[in-house]
Amino acid sequence: VCFAAFCTEGVRLNSSERIYLSFTDALNLPTFDAFPKLPPLSALTFSSTSVLSSKTTEKERESAIEPLQSPIDSSRSYFGEKPMSPGVRTLTVLGKFKPFGLIAEATDSNPNVADSYQYFLFDPDLTGQRDGDDGNEAKFSRQREHELFIRDNRIIWTSGSRVLKRFTLSSPIIKACWSHLGRGAEALLCVLQIGCLTIYNTSGEVVSVPLPRTVISIWPLPFGLLLQQAAEVNPTSNIPFSTASPTLGSREMLRKRDMSSHLILRDPLEEPEPIYLEERGKLNIMKDYDERTIWSSDSFPLMTSYNKGKMQHSVWAVEFIESSSSVVPDTVIPKRVSFRRIWQAKGAKKAASKVFLSSDDAVPVICFLILEQKKLLSVGLQTVEINNEIMFDVKPYISWSISAIAAAPVVVTRSRVKIGLLPHLDIIVLSPENDLFLYSGKQCLCRYVLPSWLGQSLVSGDSAKTDSGSRVLKITGLSDAVLGCINLSVNHSQIFRCALTSNPSSSLANDCIAAIAEGLRSDLYKLFLSLLWGDGYSDQKGSSIHFEWEALCNIFLGICQKPTGVHLKQLKTSSESSWEFLLSSKFHKTYSRFHSGITSVSPSDLEEIAPFCTETGSEERPDNSFELMVQSLDCLHAVYESLKMDNLRKQDLHRLAVLLCNIAKFLGEKCYIDHYIRDFPRLSKITGACTTLSSSRKPPNIFRWLENCLRRGCLSTNLDDLPDLIRKDGCSIVSWARKIVSFYSVLFGDKPVGKKLSSGVPCNIAPGSYSSNEELAILAMAGERFGLQQLDLLPSGVSLPLRHALDSCRESPPADWPAIAYVLLGREDMAQSVFRNLSSSKEFEMQSNTSLISMSIPYTLHLHPVIVPSSLSESLGLENAKIEDTNSVDGSVIDGMEHIFNSYTQLRYGRDLRLNEVRRLLCSARPVVIQTSANPTISDQEQQQDQLWRIAQRTAVLPLGRGAFTLSTIHTLLTEAFTVPKLVLAGRLPAQQNAVVNLDPNIRNIQELKTWPEFHNAVAAGLRLAPLQGKVSRTWIKYNKPGEPNAVHAGLLFGLGLQGYLHVLNLSDIYQYFTQDHESTTVGLMLGLAASYRRTMQPDIAKALFFHVPARYQASYAEFEIPTLLQSAALVSVGILFEGSAHLQTMQLLLGEIGRRSAGDNVLEREGYAVSAGFSLGLVALGRGDDALGSLDSFVNRLLQYLGAKEERSLLAPSNEDLRSAAQVTDGSTANVNITAPGATIALALMYLKTDSEVIFSKLSIPQTHYELECVRPDFIMLRVIARNLIMWSRIRPTSDWIQSQVPEFVKNGVSRLQDDMDDMYEVDVEALVQAYVNIVAGACISLGLRFAGTRDGNARDLLNNYALYLLHEIKPVSAPPGNGFPKGIAKHVDRGTLEMCLYLIVLSLSVVMAGSGDLQIFRLLRFLRSRNSADGHANYGTQMAVSLATGFLFLGSGMRTFSTSNGSLAMLLITLYPRLPSGPNDNRCHLQAFRHLYVLATEARWLQTIDVDSGLPVYAPLEVTVKETELYSETRYCEVTPCILPERAILKRICVCGPRYWPQQVELVPEEKHWWSFGDKSDPLNSGVIYVKRKVGACSYVDDPVGCQSLLSRAMHKVFGLRTLDESNMLANSHRELDSDSVDHLVSTFSSDPSLIAFAQLCCDKSWNDRSDSDFKEFCLQVLFDCISKDRPALLQVYLSLYTTIGSMADLLVKSDSNVCDSLSISSLKVSLAYNEAVSSGRLASSSGGFVQSIFLTSLGKRCEEILNSSTEMKTNLRDYLTSETWPDDQKDVILLSWYLKWFSVPSPSIIKASVEKIKSKCKISASAVPLLRLVLPSTHVSAIREIDRVFFSID
């Protein structure tokens, strides 16, 4: 609506300064016809000759449409007097108007190609871009509005004088508008260009939608964007989709015959859909191109159009059509959109110049501005809800017209009121006489004029104009209405921005007017509006807050005095009316200035208010005026009771009480007058006796209702104590009181029924589970956005039950609550977790964060983001750098590990230097130290080269470990080149001043150490990037591409692919890489692509991979020379791409490749090729076993042949095709088992992984005799052991007996009898036995490592560690052998290489089990193995690779990642741990070295850290982790300390934050066989590894206090504060004891971060208190501070101090005559506090820790209050006078005390008491005391007051 001025058919562009939106030719309409008695779809006809048809009678003509008369004549008197003219208001001129886009263009210095431009102003609420204002809409400024400025192809979005955004498009802009598309609530800027629609969101993201045909205009709807199409002369000439997308083009061709004239775009990513037309119950595609849209609404689904051929206006309702198929959901086939015509009018030659929505008596109306007729026509709308859908129609009897040449919707009279989704809109109208009028519906409120000074200033600036007539300004046009501001064009060719009189700046006047608007009947409200906007409420005399309130009061006082007609003092006639005399009287000037003293008004002035005369005739007091006052009293009293709930508005409450007293006196409401005087006793002086007939109405009292609710429950309360407006749905003025009532209701038993409670009070309840009334009350507070800041505004007694509910639910709230509810409880830790899960957009995040902060102020600090670095980590980082620098030449060398010191690693490993040591061991960027003599000789130089060669081999494999160590630990900037650390193979000589020694190329082949080590080094660098850290773009990858292909970029591609980044490359990029014909680049790219597209079977990637598998070629293809290494990489890549798919053709291909005949010079690499094919086949059929295919037996038969087994007829015979392929896989007549056996074994293991298949298990048998042992190679036995255990997964046990059970008995017996003096004849057999034993044990250990990968199982760890130490002892005996259970002396019968390889395979398996743990014992073992090989000269490339990988695994991802045991992860680990270690840097014969990096695909980020929500820093916190029952153990709970690694998702059941220092928190999980949640997953209950915790007040963090001193809190507080016992306090020496402010401040800040507690502690320790006499109050404050800190209840401060000062002020009144006490509202609050205390003690309010405030404190307050009231000597006399004659005492102090007494003891008004006494006297004769009977008729009155009433009315003197 706010930019309806822009959304019209055409825009007239003007380049002069006077720029505003004008519209195309106006309608030439002399008359208008309408037939209201016809159905809504009937046509309203324009006629060019007569108002109605000739058959229409004059009466029908007048009733059809009521043309409003002149605004002056149309105002009728509601008092039976002459018509009242509307008031005249002066416009507030904000200044000359000029689009700020022009100024922004000038500052941009952009050449203006086009002279014409457009602009429109709009409310920033439309886009959610509300500027930071105070919410006061009376303060108009350009900052309140936003502007879109459009010229040519540029858009400038400004707010006031600030440019928000600039948009530049490729072609000229036709039209722009805001619209809501998609499922989000965000408004999108839609820009129409030729053949294209560009859509921007507020953050700048852009979507371009190609248009199917020429679209001439766009229009916003609530659920999409309406596209208006033009009829094409040649439809086939323009098919824009044919070149862009063949699919879309074909879809367009199919839809050519059904082209729609209107399209709807519901989502930026969808295709525009045709719109259907509903006529006579049928649906047809709308093809009427003559129906040109002239307006649409973004609030209601409405559209208006004009048909030039038919000269017809139409209003259409936009509706959804239900899908014909009930099976298919709407998300698959969306609902179709249709137009339904609900109104039409014929006879118009041109379209309406402007259409907009407005309001008339709570009914939305559509207004048409018809310029030629100079009329504004309004048509009413009605809504009907059918099946939860709102249907729109036209109300035939609501239509009227106003004379106008310009009009616009504005928000003036009722800004807070909404009619459904539409705010209440008034109409500003420019009449043909150039007068400006404000209408509310069809009621004219006032006429606006420009200020006189404006004309003088304009003329004074123009010397040419001297005529006095030129000083008269004439308004010639209005435009650009936004809320309460408009642009006015004047006859001096200038345009001004003007503000209409909007909401009063007085909040009290605003509330009263709004309450009357919501509470009055329609006709009475119109009467009130005529009074409010008439001349009596003119704003000519000022605009101050006091004046606004005075003017509002004068309206009601005028009604009260108007019937008398004569002023009491002025008996003689005068030309000055009574009303004018009242305005100029002294009383009027001082009326509302109560703060200056009401009692100062003299009695003579007070007599000027004439009481309503009962003798006045009925003709002088019409019923409507009296009824207006009665309903106004009810509405204003509701505001009065609502203001009682706000501590900050007592002054407004006092002003309102004075007005209500006068209204109640006029109406004769004695009970109301008594009610107000009890609240403000001083009003008794200005309110005389009521002389009219008194009413017996009892005024609603919200304090009485709250007290009864606490004492008897919600269902037993009297709803008459609540004002009617509180129970009215949608009333926003008394929403403050309504919220309090609803909270109390649900707290004491009321239940929600829909959007209301069962008592009828509306209440918004946030979603969430609840099991108690307290929890439901918290949800209600959260749903109403009632935070701690709002809670502080309540009276202390009223807030106590709500604070009690918060405190009782704080310990363990339900886990499904919204974030705001947790913040309300003070559980920001749980709120932050929920908040991070739900924040799906920047807009949501901003709004949610703001709302959370508003709920928590003032008790919590802002929600901090997670701060990764800390002071501890920064200091340690500096120390670490210094340690590294001492051992290096250049301390600034980048080693790729400089980023590992973060908050997580410092908390986990910060107590020692293990990370520094890992960094030192894995550093390959610095020269390595070579130990030589000081005077080298020639032999020494040779020794240096030899030593350097061995060290260089170790350095070359360090990147493999470093890649695992730094896995996913950094986030790169996409604007920077990626840095790969150098691989330095040189050494340095410390004895020769760190001289650098390089390898001699004449001695060694240095290039051998370059290719694959450089590849590994780059892979390690690429693995540092966190997976899916952001939008790693294709441009960034190509930016890092070198000119010439090299191994570095090849490794980087592989590393990026492993992290899932290569999916951004397109086919052309992949093709360019492949055409480089670079071996390592091709390997890295294929494996990286397969990893990025893992399990997707993406066809394009599959084609690229199969290209490198010659077996896939047809026979006619020429032979390609593809290296076997590339073929091996391609095979494994295919397996990763097709993982788990069981794709038959791929499996057949891979089966043949396992035993493919060798060709050319690739014989040495055939085993590696066969192993790769076996890996790939196993991956494709991973874990599928027998369920993969029905014919899987043929595959098994073939694989068993590859193992060397004989063909078995029981298996299905292979087909002819299989036999042909078998000919290719044999060397001669049988398969070469030495080549095919490893691949076949691995394939069977992966195919039957975890299937427990006994058949396959038996086929993979271990030799059981010496003969069988001689037929199988020992290393093949190891593979069989691994395969058997992977198949029988559930049988693996982490025990020594299980490992020994893997060893056949004959091997076990033979090894156990090893002796030194065995005969030579058994030497061969013994060597075979030992070889078999070592390989079987190693295979079992590898199986154990895979079974417990990443679990950190203690039994598996100890077992593998013992076997590693055993083999190490056998290789080189040490002083302490590992144990007695292992056979001795096996090293004599087996070569050292075998033992070394088995040792390192066991160590590697051990590190897999302990992955990410950083275990010190294992790390020491690895460090020993690394140094041992270097020292004794047995350095080997393969063993060093194992040590490097094991070190990286142990600290995987810097301790933040670990391994999974899912099927896919196990396959990748098996490929990585394949037990054939390379012999040199270029050894890829048996296993491609690049496969050693595939462990990345098996990792999971199962790390967890706890963040202190107050400081934003990571902290230690104890956790209790619960894992479900498995076959190895029952359900188990164990303790961890964060940061830590969690168990797998398949067994993880529950995580609890426990311990005494942090608030408990519990995360429930459902164990599932799924991968761990990825980073940023919205379903992740652990927030990507972060749990927010909140420290309890009174406890320190574990970093600051590892031992724990919370038990010392009480002693420390007593010591610092100097709290004294009762005896000590009487000692003069301690009465002025000086407090150490620094110590108190430090102690409080140590135990609590709450700012209010810290500030209060500083105040208590102020030295100025030492000289004051109120030491008791000081002592009280210190005790309150101690109570707040010890109980973690900061809100206790306000409650205690408020209640304490209440009693103190009451006591001061008795001893001081100048007390400033002027009301008794605090008595009501104190009574609610005592009722709360009773509710807690009686159990109506449940609490495990007692009340929120100490019960003894509240009880003592009650007793002290009664003592004060009973101490007055004049109380009984004053009470007797009050009860008998209804008079109040003259003394000010006695009046206050009497009001306190009446409220404290709940004494009813005298009229009620007298009626009760008369009732008792009439029923029975009282001879003794009437106290029992009085108790029956006055049940809420205290017994002390009952006795006094009995004494007054029934005592016999």
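Backbone N, Cα and C define each Cβ position, glycine as well.
Here TrEMBL gives transmembrane segment for one range in the set 1327-1350, 1399-1422: that range is 1399-1422. If you count C-beta pairs under 8 angstroms between the domain 'Anaphase-promoting complex subunit 1 beta-sandwich' (1502-1573) and each of 253-327, 769-831, 1643-1804, the highest count goes to 769-831. Nonlocal intrachain contacts for the transmembrane segment (1399-1422), taken as residues 6+ away from its ends with a CB within less than 8 angstroms of a stretch CB, comprise 908-909, 912, 914, 917-918, 1337-1338, 1341-1342, 1344-1346, 1348-1353, 1356-1357, 1360-1361, 1363-1365, 1367-1368, 1371, 1438-1439, 1442-1443, 1445-1447, 1449-1453, 1455-1459, 1469, 1473, 1475, 1477, 1503, 1541. Counting residue by residue with DSSP, the domain 'Anaphase-promoting complex subunit 1 middle' (769-831) contains 42 helix, 0 strand, 21 coil. Secondary structure of the domain 'Anaphase-promoting complex subunit 1 beta-sandwich' (1502-1573) per DSSP, as helix, strand and coil residue counts: 0 helix, 35 strand, 37 coil. Across all of the domain 'Anaphase-promoting complex subunit 1 middle' (769-831), the predicted model scores a mean pLDDT of 89.
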